[in-house]
Number of protein chains: 2
Amino acid sequence: MRIQYVTSSVSLKRSLENGTEEQRQTVLSIIEDVKKNGDTALLNYTEKFDGVALSSLRVTEEEVALAFKQVNSETINIIREAAENIRDFHSRQVRESWVTMKEDGTILGQKITPIDAVGVYVPGGKAAYPSSVLMNVIPAQVAGVERIVMTSPVGKDGHLPAAVLVAASELGVKEIYKVGGAQAVAALAYGTESVLPVDKIIGPGNIYVALAKREVFGDVDIDMIAGPSEIVVLADETALPNEVAADLLSQAEHDERASSILVTPSSELAEQVALEVEKQLSTLPKREIAEASIRDYGAIYVTSTLDEAIKVVNELAPEHLEIITEDAMEQIGKIKHAGAIFVGRFSSEPVGDYFAGPNHVLPTNGTARFSSPLNVDDFVKKSSIISYSEKALKQNGAKIAAFARLEGLEAHARAVEERLKK
Amino acid sequence: MRIQYVTSSVSLKRSLENGTEEQRQTVLSIIEDVKKNGDTALLNYTEKFDGVALSSLRVTEEEVALAFKQVNSETINIIREAAENIRDFHSRQVRESWVTMKEDGTILGQKITPIDAVGVYVPGGKAAYPSSVLMNVIPAQVAGVERIVMTSPVGKDGHLPAAVLVAASELGVKEIYKVGGAQAVAALAYGTESVLPVDKIIGPGNIYVALAKREVFGDVDIDMIAGPSEIVVLADETALPNEVAADLLSQAEHDERASSILVTPSSELAEQVALEVEKQLSTLPKREIAEASIRDYGAIYVTSTLDEAIKVVNELAPEHLEIITEDAMEQIGKIKHAGAIFVGRFSSEPVGDYFAGPNHVLPTNGTARFSSPLNVDDFVKKSSIISYSEKALKQNGAKIAAFARLEGLEAHARAVEERLKK
């Protein structure tokens, strides 16, 4: 791993995967086809892209029952416990509606209402991602969303992965469709005979899913378009090189474009971690991916002080930040931008990826400067409440009319004055 | 105004102004030019589009002092009082960071941090919009944003409108640039010699501003791309036709594509409002705009019951909703989607547009199904805090590793196990 002694600005920005014009055209034509031909289009694309001819899209109770037979009880218990932790954490994010009342009779407030219907896209491919089910569905449930729909591409066997179905079932999600790609996004946004449309679509996916989400945005809401993942470890000489290296590699195995960065004032730690990374890499099953990621996007930044290291961290605005220093907790106050902050050596990133409770859907690629982890607020909206009394309008009506006229909006002024007549 | 007796679904969706491909290319080339040539590009575009050759972009103290001489003290007082109301309301939206601690030593939490720097675009054109300054700047200030930059196109006289400068100055905004259009958005997103970049760009503008915001989104955050404005009045036979008509017209004068809709179970009110709209239209300064808006996007929907009318309102998901019925306050609970709810006959929409306190930047075009008024949350981000104790990791480490392996992520499992060794 490259070791760089830094004094000036650093940045982890990688170009977002925007897709080619050809991919975009493909996505647009899929969306049009689904709008026009509904379920028929969905079934055709499933045959074309996933290689499976289905007769219906919705997952049946029998399929869910079968999935439970394929997953051992220990796994089910882990999923349950993780779900409980995630539900507990997100419950603390719930906010209440409020009103404030003034002496003149004015009532102002903010009403919180859940979004009606949310569609969760669960990626398919080679692996099953039950954690993605938990992290996307639970905040919506905690927010009070009435209808939560899940959709995911089928495997070659015509089924969804057992662990995904078990996770969904444990959460009580009953409306699950065997469809993936841009066609799934189109179905969620515009509806078909068997899929009623939703108001918001969330969840990660491949480039076609990302492009489709971008296209339907505005007609429905979407979550972020996720970029490649990253970890920054802020560590001093008290950190253990083998642990730091293992955490860097856990990020690197995700994706060749993932980014793993150590920032430290200790050049000794820097050198030891670099060695450890090489050593641990050699026995990893996903060695090739991790190696490319470390080579192209990995870095060790050595600064002269811990405070300078923190400055670097704030410039990077990482998705995941680990703080492995003396008095790690005391450093949190200095962190301005980070999706999730893992504090101390026992808080290895996978603790948060799977189990502790906070969400693993986090702002990537420096967007922690302005974005947040997926949370309950993403599934509610606010409505302002404004109730003016007669007294309040008499008191303030002339001022409001004057303000409207200042902006050249005469009908606004008259609407107020209409109440003050006679 | 058309009166329709409705029993089935209604929708107010108008096509969003997406611009032409030519406009998009213009915007892309402006952004590139600003990235490459900085201030020179900004000054060139200002000369080209606004017809003014400036020597520098930043508003001087002298210009602000001059503005105060052009605005009468009554207006300044109204701006001050409105600002105070807006600040008071938004202060109630502020949220605190929190942590929760478990017996095993686990600490989980959510840290709230303001965005570092926000750019506020204030539209120019024929009128001055000081209310836009107040509504966009104050929530950012309440959130604790350190750097708030304002930008607005100059008038033919080479200055910004006096009322806009006074409003900004009253709020303590000191970094103001005389530049508008896509070039202003590019400068805010990527910086020039005189404009440091920001993290989020907000505020309404013309199609070029909207297209530029869409292009820079991802590199910086943006607020919504606003569609045309709308009002829905939910009224029963207790409402006064002249007041309802005046409110419909206050929306209609904004824009030919604005939409003004009355939903009522009273066919008598429907007919009277239709007559009143005609009558009041005839004396409006912006009669032509309002007339076109009412003709093309206005509607009066008559339902058989109030509850049915409320169903229609929820389908419309209006930006502004007025409830002018008996027991108006009791109806709020049934409203699922609305940007702002104005309750009772003394809560005419302009009360909220200018003065009461809640924000006037609201979700348009049915997006109240999933979006909120501009608020303090839009200017902060959350970071999750995860601190696991040794005990907690010993207790849960094996489960976390098992979950990681279930998803095929061996390095994740090993990162946890690295801590549990020996």
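Quick reminder: no glycine exception, Cβ is built from N, Cα and C everywhere.
Unlike curated entries, TrEMBL annotations are predicted automatically.
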Self-check item: One of B:His320, B:His337 listed by TrEMBL as binding substrate at the site of B:Ser229, B:Gln251, B:His254, B:Asp353, B:Glu407, B:His412
Solution: B:His320
Practice problem: Using Cβ atoms and a cut-off of under 8 Å, determine which of the recorded positions B:Tyr121, B:Gln183, B:Ser229, B:Glu319, B:His320, B:His412 neighbour chain A, and list them by sequence position, or give 'none'. | Solution: B:His412
Quiz item: Between B:Asp353 (substrate binding site) and B:Glu319 (active site, proton acceptor), what is the CA-CA distance rounded to a whole number of Å?
Solution: 12
Quiz item: Across the record's NAD(+)-binding residues B:Tyr121, B:Gln183, B:Asn206, the largest CA-CA distance in angstrom?
Solution: 12
Quiz item: Checking the recorded positions B:Tyr121, B:Asn206, B:His320, which are within 10 Å of B:Ser229 (substrate binding site) at the Cα level?
Solution: B:His320
Quiz prompt | CB within-chain contacts under 8 A for B:Asn206 (NAD(+) binding site), separation at least 6 | solution = B:Pro123, B:Gly125, B:Gly181
Quiz item: Minimum Cβ neighbour count within 10 Å among the recorded positions B:Glu319, B:Asp353, B:Glu407: which residue?
Solution: B:Glu407
Practice problem: Could you tell me which of these binding-site residues, B:His254, B:His412, has the fewest other Cβ atoms within 10 Å of its Cβ? | Solution: B:His254
Quiz item: Long-range same-chain neighbours of B:Gln183 (NAD(+) binding site), Cβ under 8 Å, sequence gap at least 6?
Solution: B:Ile30, B:Asp33, B:Val34, B:Ala41, B:Leu42, B:Tyr45, B:Thr46
Quiz item: Per DSSP, to which secondary structure element type does B:His320 (active site, proton acceptor) belong, with helix, strand and coil as the options?
Solution: strand
